[in-house]
Structures are given as structure tokens and as C-alpha cells.
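The block underneath contains the structure these notes are about, expressed in C-alpha cells.
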Amino acid sequence: MLTFIGLGLYDERSITVEGREALRSADRVFAEFYTSRLVGADVDDLEAYHDTEIEVRAREGVEQDPEAILAAAEDGHTAFLTAGDTMISTTHTDLRLRAEERGIDTRVIHGVTAQSAASSLTGLQNYRFGKATTLPFPYAHGGDDVPGSVIDTIEANRERGLHTVVYLDIKVGTGPTGPDPDHEEYMTADVAAGLLADGWEDALAVVVARAGSPDAVVAADRLSALADREFGDPLHLLVIPGDLHHVEADALVGLAGAPAELVEE
């Protein structure tokens, strides 16, 4: 049996009760934290809180050599953990398909995701979001600007009146000069806003910082203004709103501090 368990957004307590029970009853527990991280807890915190040993795998190991996970699932109850929800990444869908092909029963226990939290915290309606995109560090894509794919996604959504979630790059184990096991870097919202402001400086944007934590921050303003502010510890993301329903506009003013004249434009 292979159970995929989403850990939620922030720390060892963000998991659902159902997920916690499945985790504690597993014979072996694997985890992958490349796709996203729990910035409020490390592996030691998770192991202590859930009274279990966790075997962390690199993303490449999950994608290219998942045999240890699959073999464990054939022999007993195995749990596979990620931050957020495990099925957001195609890497984990592939692992589930491999398990099913080998006759291994699978189960998914969902966790809260950054996208659902972004909608909840900002007051932007869930069904008015379009395709999401990820903004990489400039060195990660070999340029010094915003990739065309990111611009195309935002513009396509805006043309349809839809909001865009912009996930911000995470680099763990790889830095500007190549592989580095000690490298851990998170793009912050001010850096992202600065990159996107080159061409959209007056565009409305919303920062969501540390969703799921006790000190989550939501702030809305022009991209150029957000680029000059600091939002504290990661994880951060940006939302580029499309057309606003009047309730959404009120929410951005009341919950995120957006200038009233900006949401009326």
C-alpha cells in the first residue's frame, strides 16, 4: 500500500488529522521537498511530532529511481510525503501510476495548497483563476529578465479577465554556479515584483507571504511599489489579478491594503 500524504503549508501541525493517522501507522515513510518546503519545520521536527523516521529523497531519485519506494509499498504500508498536496506535481502522479502498474494499492490524503490559500487570503474567487506560472531566478533560465512563457501566461489570463498565481522559484542543492548541496534559496516577493515591474510597473499585484503560518502577510499594490517593500521570511507568491468583481475589489482594499483607486481602474 502506498499512501500519498500532503503535509499542508507551514509546519509539522499543518497536516490533516487523517493524514497524521496514516503517517503514524505507516511501516516506512518517504518524503520529497524539492517541489515545495515546509518553512516552519524541518525533517527533525516532523519526525519528533509524528514519532516516525522519514527517508528524504531527491526529486531526481523519485523520478528516475523510485524502486526503493515501490518495493517498500509492496512489502507493507508505505507513506510518501510532500508539502502542500502530493498530487500537484506530475512527478508524484508518475510515481502513483508506477505503483498501480505493479498492482500496489494507492491512496491520496490531500493537504492545503498554496493556490487554495491564496484565494482564501486575498478574497479573489477561486473559479476566476487561470493557468498558474512559476517565475525562475534569472540565472536558472540563462537570462537576466522574465521568461517569455511567464509573460505569455499572465497576458493570456488578463485578456480573459482571469487572475494568475505566480509561484516563486526555490533552489535547493543547486546554485548559480551549479550543484551545491548547501545551497538553499527562495525568491522573495519584492524580487519577483521588481522583475515583473519591468513592463508592468503600474499593474496591480498581490503578495501572499507565509500562507498557513500565524504571521501570514497579504499586501496589494502596484508592482513597482511592492518591489520596494520587504515581506519577511518565505515562502512567498504573487497574484496578478484579472478583472475584479466588486466583492473581490473590496477584499483587496480591506484585507490586503490595496489603494482604492487602483482596484477601480
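Each residue's number is its place along the chain shown, starting with 1.
Just so you know, glycine gets a Cβ as well, placed from its N, Cα and C.
Straight from Swiss-Prot, the features:
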- LEU9, ASP85, ILE88, THR113, ALA114, LEU168, ALA211, HIS236: S-adenosyl-L-methionine binding site (BINDING)
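Known features from Swiss-Prot, placed on the structure.
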| residue | record | Cβ neighbours (10 Å) |
| --- | --- | --- |
| LEU9 | S-adenosyl-L-methionine binding site | 25 |
| ASP85 | S-adenosyl-L-methionine binding site | 24 |
| ILE88 | S-adenosyl-L-methionine binding site | 20 |
| THR113 | S-adenosyl-L-methionine binding site | 20 |
| ALA114 | S-adenosyl-L-methionine binding site | 22 |
| LEU168 | S-adenosyl-L-methionine binding site | 20 |
| ALA211 | S-adenosyl-L-methionine binding site | 24 |
| HIS236 | S-adenosyl-L-methionine binding site | 25 |
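In this structure the residues listed as binding S-adenosyl-L-methionine are LEU9, ASP85, ILE88, THR113, ALA114, LEU168, ALA211, HIS236; their two most distant Cα atoms lie 17 Å apart.
According to DSSP, ALA114 (S-adenosyl-L-methionine binding site) is assigned to a helical segment.
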